[in-house]
């Protein structure tokens, strides 16, 4: 990662300074971007599972963050038994404070360090652990319905009206927080062949959604409303001043639309999980792709604003190719990272590698943004364009605030969720996903107000006569040099015998008249010094000076 950060300079345009003056925040931000893992949006937790268990299967292990008084329902939907079999089904509900505690249970079962007959509550230290057992459950080939599973203690504390609805409830949580639910199925006849299709559901006060995902669902709903308000506000401004809309304002409209679409799709996915308990993988992948496009376009928007596109420069030239290439690179890796996280989980190797690459690309974005912004502000200061300079000064202050907020937040998340031995702050986990969307929404509203359509919109537009770009200045110089060469040839005329005719005052007047008629006034300032420096003109000037000096003596 360090080598990747050091190689960033080779990918950018050459400058005398790699960083703008007085930019310690940029160095700190780049270091944190290289060393801190990228923020990973967690896949929402399910609320309904359908599992197949046979005579060779081990215990079923389920993990979820649940509210207090969440009902856990367990039932056998279908079964197949080759002969008469008596089942003993035992389930254990364990509450634990640390989210990363007991994360290796599946590995222990695979290595046979834990057996099916193990007392899991004893292994899990018995604290906040409840065990329930249903014995002598008959199953044979003639059975039509598998015996229902229940917890007598829970049935006794329910009233009669809710008793029928609660027959499948096998456990109920006593606290808000992380829980592990383990189901162990044993038979007396170990040689019997059998197959069970088990259904498990966890329904809390807000439906199937987990306690850690419920605040995130509310956040996406609020942000969707916020982006709708952004869109209405921007459309209103654009409709009032549609004749003066700048090119940069179309980019802002596209970012607002994609942000609204992204939040709407994520909210619908979380709402679907809350209602059904199941996640629609296709909808989740679509949401991740929309998010990747929106994040890419948002970064490109900040870069082209920093470069002064449409404000200081009419076009970006070859720099635009680098910006688009960097954006496409980010889009590809962001899309792959999102899809692989949905399919393979957050710990998949491809996800980890993509996170590292995205961190490096983000550091390049930060580098590019600050260098371009410093160059744009320097140009505006030299041109003494106070209106545009004030605009970019406010934008710079917004980016500095975003960098400071990112540094503080990355330090907090690293301490709380990544290096902590006991990850107990489950109520704040949604902030790890929501912060970056909220921070960009603040940057976007600042950009909207700074570049909003208005009656004075053209104050911020590029003016060819005032805001000439560097490329046009170079083209002007080349054209001027070509013109002066022609003027030098015009200064000495040949006669028929091949000898040069010396310049006289009449020739000088003719040359001056030709210059005034054929060369624009903006070019004479560059062309005239070359004309004056010719030998003939030096002689003419000296003769005129002598005449004027002699006339003064006579007077």
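The backbone N, Cα and C atoms fix where each Cβ goes, glycine too.
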**Request:** Answer yes or no as to whether Swiss-Prot lists residue 237 and residue 453 within the same topological domain, that is, on the same side of the membrane.
**Result:** yes
**Asked** Swiss-Prot annotates one residue of 201, 346, 534, 550 as phosphoserine; which residue is it?
**Response** 534
**Asked** Going by what Swiss-Prot says, which of 161, 496 is noted as phosphoserine?
**Response** 496
**Correct range for transmembrane segment (source Swiss-Prot, candidates 136-156, 178-198, 430-450)** = 430-450
**Prompt:** Among all the protein chains here, how many other CB atoms are within 10 A of the CB of residue 68 (N-linked glycosylation site)?
**Reply:** 13
**Item:** Dominant neighbour of the transmembrane segment (215-235) in 323-343, 397-417, 430-450, by Cβ pairs under 8 Å
**Value:** 430-450
**Item:** Cβ neighbours within the same chain of residue 272 (N-linked glycosylation site) - under 8 Å, at least six residues apart
**Value:** 278, 279, 280, 283
**Request:** Measuring CB to CB from residue 197 (N-linked glycosylation site), give everything in the same chain under 8 Å that is also at least six residues away in sequence.
**Result:** 50, 51, 52, 53, 76, 77, 78, 79
**Prompt:** Out of 248-268, 351-371, 397-417, which stretch touches the transmembrane segment (430-450) the most, going by CB pairs under 8 Å?
**Reply:** 397-417
**For the topological domain 'Lumenal' (269-299), residues assigned helix / strand / coil by DSSP** = 27 helix, 0 strand, 4 coil
**Asked** Under DSSP, is residue 197 (N-linked glycosylation site) helix, strand or coil?
**Response** strand
